[in-house]
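Summarising the annotation, Swiss-Prot assigns active site, proton donor to Glu34 and lists sequence analysis as the type of evidence. Here Swiss-Prot flags Lys168 as active site, nucleophile. Swiss-Prot lists Lys95, Val115, Ser149, Ala150, Asp151 with the feature substrate binding site, giving sequence analysis as the kind of evidence. What Swiss-Prot lists as Mn(2+) binding site is Asp147, and the listing cites sequence analysis.
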Amino acid sequence: MTSKPSNDRLHSYLDLQPEVAAALSQGRPVVALESTIISHGMPYPQNVEMARGVEQIVRDNGAVPATIAVLGGRLKVGLSADELELLATDKAVQKISTRDLPVTVALGGHGATTVASTMRIAALAGIRVFATGGTGGVHRGAGETMDISADLLELARTDVCVVSAGVKSILDIGLTLEVLETQGVPAITLGADEFPAFYSRRSGFSSPLTVQTPAEAARVLKVKWDLGLTGGVLLANPVPETAEIPAEEMETHITRALADMAALGLSGKDTTPYLLGRIVELTGGRSLETNIALVRHNAAAAAQVAAEYARLG
């Protein structure tokens, strides 16, 4: 069996922002935040405004924010204002998942982290709760393409709770839930019996598991990891009613975007950015507004879960 890297070896790659390092050493709640949504999910300056706003929401709900990225080959856990600006404006920043981490770090590159790579870096830093917009999953047509997000594998092996608005609605939600079940990953919806579909509160799929409060979610995390059950938890937090786009309307836009993508012959990691961008066009910008609203909503929930988890000791 391969031995785990020592703390000294990990420290040689990690840069913890002082506020984050202090919070972790004192057992205070910290919430990890991803960076792909900043560099590849929204235009400038909306991306910077959103990122700063989300960090403030985490603070307002009792936790310390730790936006994660790779800059100059360093695993950054918490970003300065200048680093956030670089991430939001530098076109050389690549979207990186776990497979890309060793190359980006070894070659001193810049990378915006996906859900999977953010989870991995958060775990290395000792952060247990992570807020994002939507989680990746099984793509539609995966029976032909085998396009399945690394997010699902990371959820199966990394001890981090991911708070999201469910899996992205451009994906095959039913098959994604099946894969999570096979991998032993609890897919839990906060305060609802139906699993959400990112832009929409309803997906048509019953939630495998449900909790009613952040405190209940925190207790689930503690028990899971106390029992030695390796792997993460997907905590689905439905988008606020005031910001949602009904599932029926979204399905029309998604079908059109998928057809346009097929005509262009896009595949691999180009698919999700294209589809999300095309849906922004098809919805006249409404989907971007919904995306921002759900990210903010998830940040608040994640901070509350992290605060409750820290109280459990």
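Including glycine, each Cβ sits where the backbone N, Cα and C put it.
Note that the structure is predicted; figures quoted are calculated from it, not measured.
Location within the structure of each feature annotated in Swiss-Prot.
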residue : record                    : CB count, 10 Å
Glu34   : active site, proton donor : 27
Lys95   : substrate binding site    : 19
Val115  : substrate binding site    : 28
Asp147  : Mn(2+) binding site       : 20
Ser149  : substrate binding site    : 25
Ala150  : substrate binding site    : 19
Asp151  : substrate binding site    : 28
Lys168  : active site, nucleophile  : 25
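Following the DSSP three-state reduction, the secondary structure of Val115 (substrate binding site) is helix. Nearest to Val115 (substrate binding site) in space, judged by Cα atoms and limited to the recorded positions Glu34, Asp147, Lys168, is Glu34. Glu34 (active site, proton donor) sits 12 Å from Asp151 (substrate binding site), taking the C-alpha atoms as the reference points. The substrate site, placed at the center of the C-beta atoms of Lys95, Val115, Ser149, Ala150, Asp151, has further neighbours from the same chain whose C-beta lies within 8 angstroms: Ser97, Thr114, Ala116, Ser117, Thr135, Gly136, Glu154. Rounded to a whole number, the C-alpha distance linking Asp151 (substrate binding site) with the residue listed as 'active site, nucleophile' is 12 angstrom.
Across Lys95, Val115, Ser149, Ala150, Asp151, which the record gives as binding substrate, the greatest C-alpha separation is 14 Å. Here the C-alpha separation of the residue listed as 'active site, nucleophile' and Asp147 (Mn(2+) binding site) works out to 14 Å.
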